[in-house]
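Take a look at the structure below.
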């Protein structure tokens, strides 16, 4: 750009050469980055640094990709100036600076311009010139000629601070006063910051590489010498802490996804015709798998099918998401992941209860060793947490003395290295090296924008963008400890949120119950197989009786089958009993008002339909007589006035005179 013709000589723009070394060092600081996927989410931190003092003027962190994590940054002009603009012997009253409220106020009304140092233009000079040795180097700022640029990375403009800026007369400068020093001044701000600036990234800045810090120079536009301030903008990219496994099974985190069988397509019978396409990693919940073994006898109770259980999980997730964030559910796809893990835990902060006796939740929920292979976030931890899992802890408590129980809030669990449990015993925790993290348990459901599925059916040849998979657990994390699951709050919204979350909890409970039945069926199959093997073994021993039995005939060591299914059967019986107790506890926690809506599905529709007319009728009955009386009284008053006017028109006023006057 070509700058205007200014009557200011370029020789006035001088600065200390010592800053060139500092800027040269900062420009060579590189952040080592690999070549990751462009859709990977990072924790991005942007920092504005005063190059003279090395202090940070602003540090903003956000989650996003390397192409969209560009926030708007706010800072004060004095944060990048420090004490470099304080008056000197040559200019005792400069009209700018940050050491006094009056100078800060005068500085606020002075224009400024910014010149980039990353352009490496020789005519613009170096740090001693603020990269503005000649006119035309400025790319942004707040002056009357409004400098702009199509290639620079940032724009810097003045911000707005509310307050009183009348510094004449009584000397009230409002926010230019530091409230820590002048607490009695009306409108005093933190540190006397009354020169706010707004930094935004341009389109060119969003496309450039931020491998190292980039510097700029800011100068005031005034008569005489233009003071210089140097600052840099840098980006720090950190990977988000990966989820870690919690539980005794250390094999789950390293397990591979299940292999795809070629015959599986012939065993899928679609219930509804919804297209022939499919997406890897997504479970088709509208399909049923043909049984591979003997079907269940008619005498056995009818259980909900696999397809219905999966649909209930997705439907419960949708209802919970629709209540908490309805804008996200206007047009989206919720996909149930078909590969393990099927559930994930989100570490949360919560107020767990400390009880001397075991609460009902400790008795009704299953206490088997269930491993959660993915736990992410940061929450409350208790016990001696190893260094490998300290990233999951935002608040750590070593333990409690005594023999009492810590019950997790409703809808949450303790994920311990010995398994998942709703409550923990401090006696066991103090005796062992166990540690636990408070988590929320969510089904593994991913959230996608509508374009995600459309791209799979698009037959045109184009490069498809890799979608950003966002699990619903990250979107609903903190829902239970926020009070919805516990029913905290009053009104229709609180009851609705509690009901929707309860439906999701019931769907997960049904899925876990189906898992128990699958394990029981596997145990029965194993027992039946062992009986067949033992029967064949006895038959072969009879055939080789003369040789001394089968083992002697084979000249091998004799092997005997040890059946451990009895222990499995006992554990499954206990699990069924606890599931039954949990169902009873779940039913007992529902209030009488919630029971109305659960007993009859049409009751909710009936209430919502007749509630409006009933309220209108009630208002008419309450306020109708009063309004009618007021209306009748008003009509009577108007009629009385009209009657009085008619009567006065029939008579004439008699003239009065004084008889004493002639």
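From the backbone N, Cα and C atoms, a Cβ is placed for every residue, glycine too.
For the residues 58, 598, the entry in Swiss-Prot flags N-linked glycosylation site at a single position: 58. Residue 332 (disulfide bond) has a Cβ environment of 15 other Cβ atoms inside 10 Å. The two recorded residues, residue 137 (disulfide bond) and residue 354 (N-linked glycosylation site), have Cα atoms 67 Å apart. Note on proximity: of the recorded positions 58, 124, 322, 332, 430, the one nearest residue 351 (N-linked glycosylation site) is 430, by Cα distance. With DSSP classes pooled into helix, strand and coil, the tally for the region 'Immunosuppression' (534-550) is 11 helix, 0 strand, 6 coil.
For residue 43 (N-linked glycosylation site), the same-chain residues 6+ apart in sequence whose C-beta sits under 8 angstroms from its C-beta are 61, 62, 63, 237, 238, 239, 240.
Annotation: 58 carries the greatest number of neighbouring Cβ atoms among the glycosylation sites 58, 327, 351, 354 [cut-off 10 Å, Cβ to Cβ].
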